[in-house]
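Structure first, then comments.
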Amino acid sequence: MENKQQSNGEMKEKVLKKKLNWSGSLIVASLIGAFGSSFLYGYNLSVVNAPSVYIKKFYNETWERRYGFSVDESTLTLLWSITVSIFAIGGLVGAIIVTPIVKFFGRKCTLLLNNVFAVTAALLMSLSLLAGSFEMLILGRIIMGVDAGISLSALPMYLSEISPKEIRGSLGQVTAIFICVGVFTGQVLGLPEIFGTESRWPYLFGVIIVPSLVQVVILPFLPESPRYLLLEKHNTTKAEKAFQTFLGKDDVSHEVEEVLAESRVQRNTKLVSVLQLLKTRSVRWQVITVVVTMGCYQLCGLNAIWYYTNNIFNEAGINPETIPYVTLSTGAVETLAAVFSGLVIERLGRRPLLIGGFGLMIVFFAILTVSLTLQKNVHWLPYLSIFCILAIIASFCIGPGGIPFVLTGEFFQQSQRPAAFMIAGTVNWLSNFAVGLLFPFIQSGLQTYCFLVFAAICFAGATYLFFVLPETKNKTLNEISQAFAKRNKVSLEMQEVNHYSGERKSSAEQESNFTSSVDNGETKKGIV
């Protein structure tokens, strides 16, 4: 009986230690990293909506002052479309250049250096009215897009590499949560009582400097990714200290062993290029899954929801002057749903939230289509449309809104991760641009039935993920790779032989030397 109680006590102690396998530094790093990165992405998605009337007036006045006549409506529409959509072009550029940057500078330093783009863009956009140059605003938007493209790859990469696998999903959701908080903040600051006026709209863009400065001041005091330090820089001293800082404990031998298990097969491996990754058979279905999830992330119709929101609220009989305030409910629901997802992802797993999120979107898209089609005949249907809009936003944020970024960080080993995020980022931004370009034509052709197109995309994505996606909760990279091995028609052992033959001996010796130094309480500057 005593032995049983002792055994139960030891088990509880182990569980408690497992739950406390993180520190305040880990939380601060994730929050500050996201505040200066994904928060700005979300903020810049919504910030142009409120002052759009005043910005167009600024464009017209500038044009008239230069050329002596007012700009025609088609040219003004074109200028405004460029202003909005060029953000995605900048994002694509950022996603393409991020691979060499994170390799050379590291994950944390990339986030810090990326603030140069954010501050430059903020200055250009906030001073455009004073300078009388709408070109400055457009140039600022594309530079801000570059910042977003880099941060949406570097931040999830950093978070996935600093977090223990027990809370990797929850910490990864910080990216999505701060995107939602950024969108909501842009809506709030765009209210007429704050910066949503003709004279104060430039301040909306000047605010961008604040998160960047906060990140620049605090993030340098936190460590670089320990996996990056150990696997790419071979700096064992800094890697061990980084683990100790993020995990809040002195004994990090278990975490080091997990990283070394990966380093055994890739110690001398150079950074994998995008082309090499696409040709690697052992990660073929991982790449396809990332492409599908990222494509559905942008193509599932949420942008269409934002397009319809004001119109639906107006049809429901809401006073046009109060619609901006009611619209805040969409941002609030988005944020709460993302926080909920972050709290339950480690309990429910990635699969149920991702597939369930797409499934719920299908249901509410179908109901919304019926409601919008018949709402002129039934007086209460506009209120059902409002409910469907909020439900679709919530369904998106509990799974599809953040988990694609988490999966990209979990699927690939260290040498492949930058190329994988480059592929994910490219698909993300190309899909974003495609939606902005094609949606007006889809909407004009199908009217309210356009949501059936997005329901079909959600159905295709959910079906694919149901049959292909394994659960990655609390799994190591090797376990995830093994889950895909059968579908890739290659065993994990064969993968090691094919790609890393000739490196095992030297890597095993390096692992042995490093493990010995840890056991003896010694630290070395590198693995020789």
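Positions of Cβ are set from backbone N, Cα and C atoms, glycine also.
What you see is a predicted model, and the numbers here were worked out from it, not measured in a lab.
For 509-520, the entry in TrEMBL reads compositional bias 'Polar residues'.
The feature domain 'Major facilitator superfamily (MFS) profile' is assigned by TrEMBL to 30-473.
The region 'Disordered' annotation in TrEMBL covers 500-528.
The transmembrane segment annotation in TrEMBL covers 20-43 (among others).
For the transmembrane segment (78-99), same-chain residues at least 6 beyond its ends with a Cβ under 8 Å from one of its own Cβ atoms are 44-45, 48, 52, 55-56, 59, 71, 110, 117, 134, 137-138, 141-154, 271, 274, 418-419, 421-422, 424-426, 428-430, 432-433, 436-437. Per TrEMBL, transmembrane segment is recorded for 78-99 (among others).
Residues or ranges marked as transmembrane segment in TrEMBL: 111-132 (among others).
Residues annotated as transmembrane segment in TrEMBL: 138-159 (among others). Here the transmembrane segment (138-159) has Cβ contacts under 8 Å with residues 29-30, 33-34, 36-38, 40-41, 44, 79, 82-84, 86-98, 101-102, 107-108, 110-111, 114-115, 117-118, 120-125, 128, 171-172, 174-175, 205, 208, 225, 405-406, 408-409, 417-418, 421-422, 424-425, 428-429 of the same chain, all six or more residues outside its ends.
Taken from TrEMBL, the feature transmembrane segment covers 171-189 (among others).
The transmembrane segment annotation in TrEMBL covers 201-222 (among others).
Residues annotated as transmembrane segment in TrEMBL: 287-308 (among others).
The feature transmembrane segment is assigned by TrEMBL to 323-345 (among others).
Sequence annotations record features per position, and here TrEMBL assigns transmembrane segment to 352-374 (among others).
Through the fold, the transmembrane segment (380-407) approaches residues 152, 156, 160, 168-169, 172-173, 175-177, 179-180, 289-290, 293-294, 296-297, 300-302, 305, 308-309, 312-313, 315-317, 329-330, 333-338, 340-342, 345, 350, 353-358, 360-361, 364-365, 367-368, 371-372, 374, 424, 461, 469, 472 of its own chain, all at least 6 residues removed from its boundaries and within a Cβ separation under 8 Å. The transmembrane segment annotation in TrEMBL covers 380-407 (among others).
Residues or ranges marked as transmembrane segment in TrEMBL: 419-440 (among others). Panel annotation: around the transmembrane segment (419-440), residues 84-85, 88-89, 91-92, 94-96, 98-99, 149, 152-154, 156-157, 271-274, 276-278, 286-287, 290-291, 294-295, 297-299, 303-304, 307, 404-405, 408-409, 411-412, 450 of the same chain, lying at least six beyond its termini, place a Cβ under 8 Å from a Cβ of the stretch.
Under the heading transmembrane segment, TrEMBL lists 446-469 (among others).
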Count, for each of 111-132, 171-189, 201-222, 323-345, 446-469, the Cβ pairs lying under 8 Å from the transmembrane segment (352-374), and report the range with the highest count.
-> 446-469
Same chain, outside the transmembrane segment (323-345) by at least 6, Cβ under 8 Å from its Cβ: which residues?
-> 46, 50, 169-170, 172-174, 176-177, 179-181, 183-184, 187-188, 190-192, 196, 306, 309-310, 313-314, 353, 389-390, 393-399, 401-403, 406, 473
